[in-house]
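Q: The active site, proton donor/acceptor annotation in TrEMBL covers 214. As annotated by TrEMBL, substrate binding site applies to 170. Residues annotated as Zn(2+) binding site in TrEMBL: 188, 190, 270. Per TrEMBL, compositional bias 'Low complexity' is recorded for 1-22. For 90-297, the entry in TrEMBL reads domain 'Class II aldolase/adducin N-terminal'. The region 'Disordered' annotation in TrEMBL covers 1-35.
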């Protein structure tokens, strides 16, 4: 039986989104008012113009639909600099290296996001995952003026200084896990076991079902509830792939509504999204599910039933 960490519900409940963009209060009460980096009309990878009492150029390397709301240039770096090895800005690079070794995030694919209170930490898009550093991490306020939908304006608290970086294309899909399941972390992998399973199940399969496997006990109901039991049937919906990652957002949300007990979403010919209350639970569930996906592909090749004890 896998070593399952104790249930740890996220302390931050899903909140409604305010009508105005979130502004983080200055760390020094005597400091100037928060500055806003508006790059809504700037070209991709262009420098944003920050206007407070005087103009300051800030390197911005993300898409033109981003508005960054920050206190000061120093605060930008403070969000990702920590001596705590389990701080999200430190954990994301470490986890990406581990997932790379497992073959889950090769060729810059895949991603991970961790939510800590009202801050959402994102790995950058299109970057070799085994080479990500804390300074490459994007930080968004969870309480957005609008939910980060594909192509929508997004509030940013911290944008990496390195030009050429942009936030994960998985951002709106991670937000599905945060808002619909109150998850504390979400992982996206391109696991070959997940991809092969969606092919072996056939084009008409709308979900993957499995029971009577010990590793099922490492998976939580809805990804954030109680762990499943040996005799329970695990069911994970399968959605069709799209040309662009962000276009999966609505299909994922629809599947999550239809399968409220599912701990993950499989994407045919693509990979899987897995979430949990914490990064620890998201990680262990991703590992348990990958084990089950591999087991299922072998059982299907041997014409063994996935459900039942036959």
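In case you wondered, yes, glycine gets a Cβ from its N, Cα and C as well.
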Q: Given the recorded positions 188, 190, 214, 270, find the one whose Cα is closest in space to the Cα of the residue listed as 'substrate binding site'.
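A: For the residue listed as 'substrate binding site', the closest Cα among 188, 190, 214, 270 is found at 188.
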Q: Among all the protein chains here, how many other CB atoms are within 10 A of the CB of residue 190 (Zn(2+) binding site)?
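A: I get 19 for this one.
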Q: Quick check on the binding-site residues: of 188, 270, whose CB has the lowest count of neighbouring CB atoms inside 10 Å?
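A: Output over binding-site residues 188, 270: least Cβ neighbours within 10 Å is 270.
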Q: Translate the DSSP assignment of residue 214 (active site, proton donor/acceptor) into the three-state scheme.
A: helix
Q: Which one is it: of the recorded positions 170, 214, which Cβ has the fewest other Cβ atoms within 10 Å in this structure?
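A: Output over recorded positions 170, 214: least Cβ neighbours within 10 Å is 214.
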Q: Specify all same-chain residues, apart from the site residues 188, 190, 270, whose Cβ lies within 8 angstroms of the center of the Cβ atoms of the Zn(2+) site, ordered by sequence.
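A: Residues close to the Zn(2+) site, other than 188, 190, 270: 109, 110, 189, 191, 194, 195, 267, 271, 272, 273.
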Q: Can you tell me the mean pLDDT for the domain 'Class II aldolase/adducin N-terminal' (90-297)?
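A: Reported value for the domain 'Class II aldolase/adducin N-terminal' (90-297) is a mean pLDDT of 95.
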Q: Reported as an integer number of Å, what is the Cα distance between residue 188 (Zn(2+) binding site) and residue 214 (active site, proton donor/acceptor)?
A: 24
